[in-house]
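Asker: Residues annotated as domain 'ABC transmembrane type-1' in TrEMBL: B:96-293. Per TrEMBL, transmembrane segment is recorded for B:12-30, B:100-123, B:135-161, B:173-193, B:232-254, B:274-296.
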């Protein structure tokens with residue numbers, strides 16, 4: 001099956017006072033139609049920038065190289081009209097903070113129907129009727145009243161459902177969800193994720209789910225890509241990640257999660273602090289924090305290569321794997 | 001919304017009343033007395049002075065005079081000029097048209113040029129934005145009295161394009177005064193607009209609109225500009241109100257027969273009833289400009305509509 005979304009060698013550089021800064025460094029990623037992929041990493045690892053590259057919503061002055069192919073079409077080469085059609089019809093973005101990402105001065109109804117009315121010439125009444133129907137689908141009571149309310153009059157959880165509804169209204173084939181639950185209360189998070197997951201499945205939409213919460217990604221997505229310093233360091237099916245995680249960084253992430261079963265006295269933290277792509281040297285970006293790093297790791301950057309049914313970016317993955325297997329045996 | 005309107009209206013009336021007390025009181029507490037202006041260099045007999053003071057009601061206590069004056073004003077009677085003996089309403093009325101036209105003209109210049117330049121600077125960063133910043137920085141540093149002098153010497157004296165003083169034919173006489181009045185405000189509004197629009201351009205909700213494939217022009221109009229309006233409207237309200245005050249300088253410089261010139265003359269002649277009327281008019285202009293800008297903001301931003309309830 002042809003991929004719905006295919007990124008190869010996507011590199012993004014933004015200007016700064018100290019010269020150009022690389023934020024993404026050769027991202028290779030592929031998503032099948034209807035597939036859900038989790039993009040996991042710490043803040044500054046380039047998750048959101050990847051999403052921005054996919055929709056070409058990059059900061060001013062940013063330079064992109066590589067290829068972003070959507071259903072065979074090169075997104076980076078689209079003209080203004082094609083880009084607008086692509087953003088309108090094909091991809092829907094769910095942002096982290098609905099309060100900031102929905103215009104506070106306009107009614108929820110106006111926000112929901114804006115794209116339909118302006119881009120597709122749907123009549124206002126017809127558009128509002130569709131909006132009300134979708135609000136009901138995302139579990140909002142009394143949609144007619146909500147349409148007339150302003151964003152500041154509803155809760156954050158409801159506003160995030162409004163955001164999801166706005167994406168569903170456009171009937172895209174791909175959803176990019178950028179930490180859609182991070183700004184919400186824990187109890188609301190579950191509801192929102194459940195709604196997103198159900199509607200995505202019902203409609204057969206592909207989804208890239210960006211989160212720093214590895215467990216959440218594993219619960220929602222079939223496959224997970226782990227990012228570090230603007231690079232993808234490991235890609236694996238959600239089912240296989242627990243057993244087969246091979247990259248030292250992924251292992252560190254797995255070890256640093258609190259567990260309900262084991263009451264361990266301390267959580268294992270990954271030593272050091274995360275770095276951005278432009279801070280990485282010539283070698284492996286994770287080497288300075290890696291417990292297994294050798295001198296060679298600082299000199300040459302390893303490629304992303306197949307290992308044990310997944311993709312891993314580590315020169316010593318075989319040795320590490322062997323040592324771990326030996327230790328557990 | 002109706003509640004807010006009432007709230008603002010009440011505030012407007014209160015402000016006007018309070019300022020009328022201050023104006024009335026400060027004029028009569030100031031040194032010098034109106035009858036001295038009438039007598040000039042002559043030294044009147046005590047009887048003549050008393051007669052004049054009685055005729056001008058100056059022999060009554062201040063609160064009584066204030067009450068008489070206030071009830072007169074509420075009945076549409078602004079009193080009589082102590083200097084010319086004309087009704088104050090006539091003297092003020094004849095200048096009001098000129099001043100109103102002048103401020104309207106200048107306000108249009110401010111809104112069109114200031115808003116236009118600010119927008120241009122915000123949406124076209126780089127060289128154009130730099131030029132806009134430079135122009136507005138220069139123009140905010142030119143106060144109306146300097147602008148008036150320069151404009152007169154260049155366009156009236158050297159080039160002879162427009163009259164240096166008086167109303168002239170049609171709007172001729174108002175062009176230079178309006179420019180002198182508008183220059184500083186234009187630069188200020190351009191800066192406010194540029195910053196407000198620039199800030200909105202970086203907002204997340206604008207990114208959402210672009211991510212939905214909306215045309216850039218539509219995003220600029222219904223998201224960027226609309227949300228940037230509150231600070232811009234506040235600035236316009238203050239600037240227009242300030243221009244009423246600046247007419248004192250500009251009308252004197254261009255010898256325009258407006259309220260500003262009348263104020264200067266009346267103060268010099270201690271023509272109290274006229275000064276009271278024009279001062280009150282200026283206060284009213286200020287208060288009305290502010291109230292209007294508040295109302296427009298509440299129309300734009302629904303979050304401000306509850307202000308009347310919480311304040």
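Every residue gets a Cβ built from N, Cα and C, even glycine.
No curator has checked TrEMBL annotations; they are predicted automatically.
Note that this is a predicted model, so its numbers are computed, not measured.
How buried are these features, and what lies next to them?
Answerer: Packing against the transmembrane segment (B:12-30) from elsewhere in the chain are residues 62, 65-66, 69-70, 73, 272, 275-276, 279-280, 283-284, 287-288, 291: each is 6 or more residues past its ends and has a CB under 8 Å from a CB in it.
Residues 129, 132-133, 135-136, 171, 174-175, 177-179, 181-182, 185-198, 201, 220, 225, 232, 236, 239-240, 243-244, 247, 250-251, 256, 258 of the same chain lie 6+ residues outside the transmembrane segment (B:100-123) yet bring a C-beta within less than 8 angstroms of a C-beta in it.
Among residues of the same chain six or more beyond the transmembrane segment (B:135-161), those with a C-beta under 8 A of the stretch's C-beta atoms are 117-118, 121, 176-177, 179-181, 183-184, 186-188, 190-191, 194, 246, 249-250, 253-254.
Away from its own ends, the transmembrane segment (B:173-193) comes close to residues 98, 101-103, 105-107, 109-111, 113-115, 117-119, 121-122, 132-133, 135-144, 147-148, 151-152, 155-156, 162-167, 228, 231-232, 235-236, 239, 242-243, 246-247, 250-251, 253-254, 256 of its chain (Cβ-Cβ under 8 Å, at least six residues beyond either end).
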